[in-house]
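K.L.:
Summarising the annotation, TrEMBL assigns domain 'Major facilitator superfamily (MFS) profile' to 1-263. According to TrEMBL, the transmembrane segment annotation covers 6-27, 70-96, 116-135, 147-166, 172-192, 204-228, 240-260.
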Amino acid sequence: MAHFGWPSAFYVPAVAALVWSFLWWYLVADTPQEHKTISEAERAYILGAIGDKVTKSKAMPPFKSIATSLPFLAMTVLHFGSCWGLYFILTAGPMFVKNVLGFDIKAAGVLSAFPYLARAIFSVLFGAIADFIMGKKIWSTTFIRKFFCLFSHIIPGTLLLFLVSAGCNWPISIGLLTMSMGCNGAATLTNLQNHQDLAPNYAGTLYGIANSVGSIAGFVSPMITGYFTDKGHTFENWGPIFNCGAAAYIGAAVFFIVFGTGNIQKWNYRNQPPPPATGLAAWAPWGKAATPPSPTKK
């Protein structure tokens, strides 16, 4: 924007979205069997990982069961907390860097990009760590989802609390914002993955509902920012804003740790046996798998 003006803020994302859409159209398929470019070894690996948890038949999502599912509610709350931090730094981050830390719009744009760069890098690192842990089959899926809430939600919220005490020391403030969003990259193992755990057959529906709820943070968070900064952009005015973000992160994590699970819910199944329990799932109270309904005789 500093070089090309405000229209570039619309043109650049639009072009990037179009390029992404063409790549998506060419590279993505509904099933591994229909994909045109993957190797046979990769296709076999994906099909083996999916197993028998996903059916090919189309069925109406069990909305009543979804609406009354406490594990799904816990996942939705966890997703909302993550979205709060995501939208907060997206909308208020540049404003904070410019008006409180005193940078011009060009520098504010660069510095505000650091948290998202960190998130992209950390998400890959956390994913590799989780794959290693799950490959060892020591921890249950539920335990992994809850444990990594420490990184995706609790640590980011705690860093926002530290930010309240950082004052106008810009290296510390930028570092805390960057690490907060970077640690949230572990969301790829918690709220961004849990819908697939609960019901692979309806994962798209679950994520769509959760993301709709999470999007509420996209307009509530800026409203709160505007309310507290209405009389000026002092660090004292920004303190309650960071406290709200910390509360959203940590509160959502606590709710999920208490009520969430990584087990497949019984309403996912269509005449299928449950997957066998492994590792901690064989004995841990939080790791017991749900029992699916008995097959229907025809």
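Just so it is clear, glycine is given a Cβ too, placed from its N, Cα and C backbone atoms.
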K.L.:
Can you work out which residues elsewhere in the same chain, 6+ from the ends of the transmembrane segment (204-228), have a Cβ less than 8 Å from its Cβ atoms?
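P.N.:
Tertiary neighbours of the transmembrane segment (204-228) are 61, 66, 72, 75-76, 79-80, 82-84, 86-88, 91-92, 95, 191, 195, 198, 237-238, 240-241, 244-245, 248.
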K.L.:
If you count every Cβ pair below 8 Å, which range out of 116-135, 147-166, 172-192 shares the most with the transmembrane segment (70-96)?
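P.N.:
Highest pair count goes to 172-192.
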K.L.:
Along the domain 'Major facilitator superfamily (MFS) profile' (1-263), what average pLDDT does this model show?
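P.N.:
Within the domain 'Major facilitator superfamily (MFS) profile' (1-263), the model's average pLDDT equals 88.
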